[in-house]
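Reading through the structure tokens given below for one structure.
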């Protein structure tokens, strides 16, 4: 997995993550599902996590509550936290 793939998967989620939209779009949720598919191993999950943190840092107005609720709102169980503050090395 690389950051280009992660960024592409989650790019359509920015309106939801910044509070512009109240629910994630179908395209956004498809991206969350793609992120899950891209990161099957612990190593992949840690890399994806770092990519998410780097991408989130470019958007200072990302709402942490929206980010943490994104997988749940999309109905996707994913072991890659979507957060600016996650310690990615703690992912198992």
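The backbone N, Cα and C atoms fix where each Cβ goes, and this holds for glycine too.
Here Swiss-Prot flags 3-51, 13-28, 29-74, 49-88 as disulfide bond.
Annotated features taken from Swiss-Prot, shown on the structure.
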residue: 3; record: disulfide bond; Cβ within 10 Å: 14
residue: 13; record: disulfide bond; Cβ within 10 Å: 25
residue: 28; record: disulfide bond; Cβ within 10 Å: 23
residue: 29; record: disulfide bond; Cβ within 10 Å: 20
residue: 49; record: disulfide bond; Cβ within 10 Å: 23
residue: 51; record: disulfide bond; Cβ within 10 Å: 24
residue: 74; record: disulfide bond; Cβ within 10 Å: 22
residue: 88; record: disulfide bond; Cβ within 10 Å: 17
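In this structure, the C-alpha atom of residue 49 (disulfide bond) lies 9 angstrom from that of residue 3 (disulfide bond).
Taking the C-alpha atom of residue 28 (disulfide bond) as reference, the shortest distance to any of the disulfide-bonded residues 3, 74, 88 belongs to 74.
Cα to Cα, residue 13 (disulfide bond) and residue 3 (disulfide bond) are separated by 15 Å.
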